[in-house]
Amino acid sequence: MDKVDLLSLTMEEMESLFLEIGEKKFRAKQAFQWVNKGIKQYEEMTNLSKKLIKQLSEETRITHNRIEEKFVSKIDGTVKYLFLLDDGHIIEGVLMKYKHGFTACISTQVGCAMGCQFCASTTGGLIRNLRAGEMIDQILLMQQDQGERISNIVLMGSGEPLHNYDETIRFLKIVNDPEGLNIGNRHITLSTCGLVPEIKKLGALQIPINLAISLHAPNDQLRKQTMPIAQKYTIDQLIQSCYDYLENNNRRITFEYALIEDVNDGEKEAHELSKLLKGLLCHVNLIPINPIEERTYQKSKDSQVKKFQQILKSNGIEATIRREMGTDIQGACGQLRRKYVDDQEKKEISEV
């Protein structure tokens, strides 16, 4: 039986654990504070008794990711991390530096099962879900490495957060806790390819985070070409789930739209997208895709991206073009991990 990971526990769960072993609630609070500061050795919990430390070390564990590799963009200072997990798997995270502070883009799964054709994260399929502690530790390691506090989080790394629903919700509760990283919900963005039932469940929880929907097409026929999830849920169902979400959380929804040359970047698609989103409290984030070796899709021309944006704006839809960051270090989701895994496999074959 796996030991309980202290870094994956909410404050409430930590208190329940400590009550079960005959300890006071305030001891649970102390332990919660320690693990969310990034300590990895039980002996570092200096305000806990030696007896309790011994018991915890025997009956529990603390997630301990490691920075395997780090790449710093010479263009904009973006930092790309490869994290080594306890079981040897690799995940990636990105630290982006803005005037308003540091934003961490973290992974929620090892690989991804969603199969989106323009995303490198999914080329090897899903290997496993991450625990909440493995998500938290990505942030802790980035903070320790940079010596700076991270003020914003985006769940846009490898994996589909709502496909790992329970651990993602646990992560949100932990990271928002005043005794932990204390990052406000309004500084957290969750990106999903559109798991309709889970969007409704998330909305019902009334956690006021920012929701981003990976839409990438204005109609079902086009969306099915690049996103397998569209075979399961129609765009009408997805948009309705967004209206349902807004009933519980009056937070503007972002629709991510990756522009692919001669696929979804035409004037027709821009007008169709405008009609689809009319009246919805939303914003469109236009994303010039990064070319992926395993795929044949090409990035839209800058002039076409701007024309697409202008059409949306003229139709009353707020739209921005996402700033490209870390392009010289394979900063796009999944690219660096895929290259690392491929290189390791080639190395193993050459050593046989």
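We number each residue from 1, going along the chain as drawn.
Here the Cβ of each residue, glycine as well, is placed from N, Cα and C on the backbone.
Residues or ranges marked as active site, proton acceptor in Swiss-Prot: Glu92. In this view, Glu92 (active site, proton acceptor) is surrounded by 27 other Cβ atoms within 10 Å of its Cβ, with every protein chain counted. The DSSP secondary structure for Glu92 (active site, proton acceptor) is strand.
The domain 'Radical SAM core' annotation in Swiss-Prot covers 98-328.
For Cys105-Cys333, the entry in Swiss-Prot reads disulfide bond. Taken residue by residue with DSSP, Cys105 (disulfide bond) is part of a strand.
Within 10 Å of the C-beta of Cys119 ([4Fe-4S] cluster binding site) there are 25 other C-beta atoms, taking all protein chains into account. Swiss-Prot lists Cys112, Cys116, Cys119 with the feature [4Fe-4S] cluster binding site.
Positions annotated as S-adenosyl-L-methionine binding site by Swiss-Prot: Gly159, Glu160, Ser191, Ser214, Leu215, His216, Asn290. All protein chains shown were included, and the count of other CB atoms within 10 Å of the CB of Ser191 (S-adenosyl-L-methionine binding site) stands at 22.
As annotated by Swiss-Prot, active site, S-methylcysteine intermediate applies to Cys333.
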Sequence-ordered recorded positions within 10 Å (Cα) of Gly159 (S-adenosyl-L-methionine binding site), taken from Cys105, Cys112, Cys116, are Cys112
Number of other Cβ atoms within 10 Å of the Cβ of Glu160 (S-adenosyl-L-methionine binding site) across all protein chains:
27
Using a 10 Å radius around its CB, how many other CB atoms surround Cys112 ([4Fe-4S] cluster binding site)?
26
Give me the mean pLDDT over the domain 'Radical SAM core' (98-328), rounded to a whole number.
94
Could you round the CA separation between Leu215 (S-adenosyl-L-methionine binding site) and Cys116 ([4Fe-4S] cluster binding site) to a whole angstrom and send it over?
11
Candidates Ser214, Asn290 (binding-site residues); min other-Cβ count within 10 Å returns Asn290
